[in-house]
Amino acid sequence: MSNSAKSVVILAAGKGTRMYSQLPKVLHKLAGKSMVQHVIDTAKSLGAQQTHLVYGHGGELMKETLGSQPVNWVLQAEQLGTGHAMQQAAPFFADDEDILMLYGDVPLITKETLERLIAVKPAGGIGLLTVILDNPMGYGRIVRENGDVVGIVEQKDASEEQLKIKEINTGILVANGGDLKRWLAKLDNNNAQKEYYITDIIALAHQEGRKIETAHPTRHSEMEGVNNRLQLAALERIYQTEQAERLLLEGVMLLDPARFDLRGTLTHGKDVVIDTNVIIEGEVTLGNNVEIGTGCVLKNCVIGDGSIISPYTVIEDANLAQECTVGPFARLRPGAQLADKAHVGNFVEMKKASLGVGSKAGHLTYLGDTEVGANVNIGAGTITCNYDGANKFKTIIGDDVFIGSDTQLVAPVCVANGATIGAGTTLTKDVNENELVISRVKQTHISGWKRPVKKKQ
C-alpha cells in the first residue's frame, strides 16, 4: 500500500442464512480456500501493516480456522449494518493513516484494482470503487451532481429516478482514519432497513466539501459477493476460467479448460500437458514436458522434467525427479520420493518411501517407511509390513535387488545390494549381498487326488 494507506478492515460478521450451513458464510471455500482467506491474502499482497477482521456469527470457529492469521479480531456482537461494523473497528484507526474497507464475502477482488483505488483517493477525501451495470437491480446507486459524487442511495431507499442510475456502489472504499471516525460518529439508522450504512459517509464527506473520486474494477466479477451456494458456485467457475485462461496464455496445454481446477498455486515449465478433470491443490511444480493424465489429483508436490503421470493418480506431499512414470491408479502419499526414471505402476501406494534411479514397482504394491536403491525390481503384490500395531519400522533395500511377487518384508529388515528374494517369501531377517532367499512352503504333489463332492439335499 502507499505510505498513507496502512490498514485494512475486512467485514466478516454476517451469518449467511441463505447458505443453509452451520459454517459462517465467509469460511465457505472458493478454489480450496475460504473466501475470507482470499481477502486476507489480497490485503497482505498490498503490504497492509494491520488488518482488522470484524467478526460476529461463528466467532469461535472463525478464530479456530484463521487463528494463525496476523489479524486484529474486532467483535460485532449485533449485526446492525456496515456502518455499525466499521464503528466497532474505528477505535483502532490512527488519525494519520488511510483505511481500506473490504468484505469477507467478496473474494475475487484483486491487488491491481485496489492499487488503482488507493491511487485515486484525494487528500482528505474518499476513494470509492464503483461499476457500471446494465442491470443494477439490488445495488446502491451512485448519485452525482455535475459529475461529482454527492451520495449513495440504497435500492430500497431509492426514488424512481434514482433507480434508473446504472453506476453502482461496490462497498469498497478508502479514506483517512481520522475522517472516518468523525463521519462514523454521525451515522444514523433512519432508513428502510433501520441499519447504519457506511455509504452515508459519502454524503457527509460531500457536505464538508471533500472530494470523492471513483475507480472501476478490471472485471465485474471482482465486486461480486456471495449470499448463497449458487453464487459461490458461479464465482468458482469464474475463478477457474480465469486461471485456465492464464495458464493457456503462459503455454500450459489444458486439453479442456472447462474441466480443470486450480485450488492453489501451479508453477510450470514449458510444454506441460494437462488432461481433463485434473485437480491441483496447494503448491505444485511441474517441470518441462510433464504430462498429467485425466482424473489426477496433485497436492503440494514437485514433478520433474519429462515425467508422465497416468490417469487417476493421486500425489500428495511427494517429490519426483526427471522422467518418472507413475500410474494409472497409483497413490503417492506424504514423503514419497522418486529418483530419475523411477516407475510406479497401477495400484501401488507409497508413504515415507523412496525409489532409486531406474527402480520399478509395477503393480499391486505397498511401500511404507522404505528406502529402495537403484535398478531395483519390486514384484507384484509386494508389501512392506512396517507397523506392529503400535510403532512403525523401516525397510531398506539396496541397489540391483530383485523382489519376487507376493513378498512380505517384515520391518525392520535390510536387503543388501544384488540380493534376490523368491516369489512368495515372507522376509523377517536381513539379507546379505547377492544372496537368494526363499521361504515359501515346500510344494507337495498327491497323485490321483479327488476333490470333495457336495452331498445332494
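Note: Cβ is positioned from N, Cα and C throughout, glycine not excepted.
From a predicted model like this one, the values you see are computed outputs, not experimental measurements.
As written in Swiss-Prot, here are the features:
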| type | residues | note |
| --- | --- | --- |
| ACT_SITE | H363 | active site, proton acceptor |
| BINDING | 11-14, K25, Q76, 81-82, 103-105, G140, E154, N169, N227, R333, K351, Y366, N377 | UDP-N-acetyl-alpha-D-glucosamine binding site |
| BINDING | D105, N227 | Mg(2+) binding site |
| BINDING | A380, N386, Y387, S405, A423, R440 | acetyl-CoA binding site |
| REGION | 1-229 | region 'Pyrophosphorylase' |
| REGION | 230-250 | region 'Linker' |
| REGION | 251-457 | region 'N-acetyltransferase' |
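Comparing local CB density within 10 A for the recorded positions H363, R440, the maximum falls on H363.
Each of the binding-site residues G14, G104 was scored by the number of other CB atoms within 10 Å of its CB, and the largest score is that of G104. For the binding-site residues N227, A380, N386, Y387, S405, R440, a Cα-Cα cutoff of 10 angstroms around L11 (UDP-N-acetyl-alpha-D-glucosamine binding site) retains nothing. When the C-alpha distances from G14 (UDP-N-acetyl-alpha-D-glucosamine binding site) to the recorded positions N227, H363, Y387, A423 are tabulated, the minimum falls on N227.
Per-class residue totals from DSSP over the region 'Linker' (230-250), listed helix then strand then coil: 20 helix, 0 strand, 1 coil. Classification of N227 (Mg(2+) binding site) by DSSP places it in coil, neither helical nor stranded. In this entry, A380, N386, Y387, S405, A423, R440 make up the residues listed for acetyl-CoA, with the farthest two CA atoms of the set 22 Å from each other. When the binding-site residues G81, N227, R333, N377, N386 are ranked by how far their Cα is from the Cα of the residue listed as 'active site, proton acceptor', N377 comes first. Cα distances from A380 (acetyl-CoA binding site) to the binding-site residues G81, G104, D105, N227, R333 are smallest for R333. In the three-state DSSP classification, L11 (UDP-N-acetyl-alpha-D-glucosamine binding site) falls within a strand. Per-site Cβ counts within 10 Å over the binding-site residues L11, A380, A423 peak at L11. In this model, the region 'N-acetyltransferase' (251-457) carries an average pLDDT of 98.
Of all Cβ atoms in the protein chains displayed, 17 besides its own lie within 10 Å of the Cβ of R333 (UDP-N-acetyl-alpha-D-glucosamine binding site).
Taking the binding-site residues N227, N377, N386, S405 in turn and counting surrounding C-beta atoms within 10 angstroms, the largest count is reached at N386. Each of the binding-site residues D105, E154 was scored by the number of other CB atoms within 10 A of its CB, and the lowest score belongs to E154.
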